[in-house]
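Going by TrEMBL, these are the annotated features:
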type: DOMAIN; residues: 168-396; note: domain 'Major facilitator superfamily (MFS) profile'
type: TRANSMEM; residues: 6-25; note: transmembrane segment
type: TRANSMEM; residues: 30-49; note: transmembrane segment
type: TRANSMEM; residues: 55-78; note: transmembrane segment
type: TRANSMEM; residues: 85-107; note: transmembrane segment
type: TRANSMEM; residues: 119-137; note: transmembrane segment
type: TRANSMEM; residues: 172-191; note: transmembrane segment
type: TRANSMEM; residues: 211-228; note: transmembrane segment
type: TRANSMEM; residues: 240-259; note: transmembrane segment
type: TRANSMEM; residues: 265-289; note: transmembrane segment
type: TRANSMEM; residues: 301-319; note: transmembrane segment
type: TRANSMEM; residues: 331-353; note: transmembrane segment
Amino acid sequence: AWVSSLSMGMVFFCSPIVSIFTDLFGCRKVAVIGAAVGFIGLLSSSFVSTIEPLYFTYGILFACGCSFAYQPSLVILGHYFKKRLGLVNGIVTAGSSLFTVSLPFLLRVLIDSVGLYNTLRVLCILMFILFLAGFTYKPLVSGANDEEEGKKGKFGFPPGKKICNFSVFKVLSYRIWAFGIPAALFGYFVPYVHLMKHVKDRFGDSVPEEVLLLCLGITSGVGRLIFGRVADYVPGAKKVYLQVASFFFIGLMSMMIPLCHVFGGLIAVCLFMGLFDGCFICIMAPIAFELVGAQDVSQAIGFLLGLMSVPMTVGPPIAGLLHDHLGTYDVAFYLAGVPPLIGGAILCFIPWVHERQKLKERAKPVDGETTEKMLENESSLVLDATEKPVKEMESG
């Protein structure tokens with residue numbers, strides 16, 4: 001369990017570093033090298049005989065490779081798609097839902113037939129496909145570093161301000177978004193981690209709890225496709241309202257879990273929860289493009305994923321401690337529904353703040369234009385005043 005937890009944590013902890021490398025070296029190089037590192041980590045994990053080396057080979061090496069391969073796949077979409085960016089993100093992220101549904105069954109068959117180590121070697125095929133796919137990433141949008149070619153340091157790198165682009169936090173709407181989402185995620189993943197144990201405590205072994213994971217995976221994929229398409233019709237930063245709705249329903253569904261005393265009720269809750277989970281995930285990149293623009297989107301997503309790693313790691317263990325002290329998950333699920341509601345309320349301010357920022361930016365060039373026009377009018381008046389006596393003398 002600690003190996004898998006370390007692996008998930010490293011994927012998100014590495015995200016700010018990945019965003020810096022993406023800006024420096026481009027999406028293609030980072031994705032290809034990340035897939036290669038992940039391949040090496042997964043393959044080396046299949047040859048270890050004790051659990052201690054797995055902390056490095058699987059928990060760190062494989063996870064870092066996945067992180068370096070994952071983030072460029074979100075950034076590169078903004079180089080090719082603008083009008084249908086939401087739909088494209090929905091299609092791309094729906095792939096993870098497809099494998100969430102199908103891969104557990106495949107893994108069970110592989111482990112039973114060929115064993116754990118050979119199963120890891122079979123999974124290396126997927127990492128090799130990811131390695132080949134990385135070569136197709138050809139960025140079309142020139143980054144800010146391209147414009148600063150003449151301002152590079154000793155070793156050919158741009159200045160530190162360009163490497164760590166903390167200027168994205170100067171954008172107030174992004175700042176609210178980057179801290180509002182982690183605030184909502186303190187309870188977001190509690191149902192995903194503890195739902196199976198709650199089902200066993202309440203219903204015993206008489207119900208197939210795997211059905212709940214199946215429902216979550218299927219409706220999450222459907223939600224990514226539907227809401228990704230819907231996001232294309234929502235203008236500008238108002239896409240955030242879709243995330244607000246997703247947090248509201250997920251928080252409400254978390255509070256509904258202890259109230260379900262029939263297994264069919266839990267299935268209904270999981271169907272809705274998966275649907276709005278897909279909504280939250282698929283529009284993350286389109287919102288980042290709207291708030292900071294294409295040039296800064298890589299580090300904007302990286303900083304956000306890095307901040308998300310903290311509540312994702314802390315929230316479920318707190319719920320586990322509550323269960324240990326109280327003997328039930330009911331209070332944990334009730335409390336898990338509160339942070340998404342608070343985070344959604346914080347995000348509601350983003351469209352209003354973003355519109356105010358855009359109005360201020362529009363006002364600046366307008367003022368400059370009016371000043372230039374006033375100067376042009378004054379110069380034309382001066383010319384007219386000097387030309388009139390000359391014409392009068394010539395006519396005289």
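A Cβ is built for glycine as well, from the same backbone N, Cα and C atoms used for every other residue.
All annotation found in TrEMBL is predicted automatically rather than curated by experts.
Residues 5, 8-9, 12-13, 15-20, 22, 71, 74-75, 168-169, 177-179, 181-183, 185-190, 193-194, 284-285, 288, 329, 332-333, 335-336, 339 of the same chain lie 6+ residues outside the transmembrane segment (301-319) yet bring a C-beta within less than 8 angstroms of a C-beta in it. Residues 2-4, 6-12, 14-15, 18-19, 21-22, 27-28, 30-31, 33-42, 44-45, 48, 85, 88-89, 92, 127, 130, 134, 137, 139, 141, 284-285, 289, 294, 297-298, 301-302, 305 of the same chain, all 6+ positions outside the transmembrane segment (55-78), place their C-beta atoms under 8 angstroms from a C-beta of that stretch. If you count C-beta pairs under 8 angstroms between the transmembrane segment (211-228) and each of 30-49, 85-107, 240-259, the highest count goes to 85-107.
The predicted model assigns the domain 'Major facilitator superfamily (MFS) profile' (168-396) a mean pLDDT of 77.
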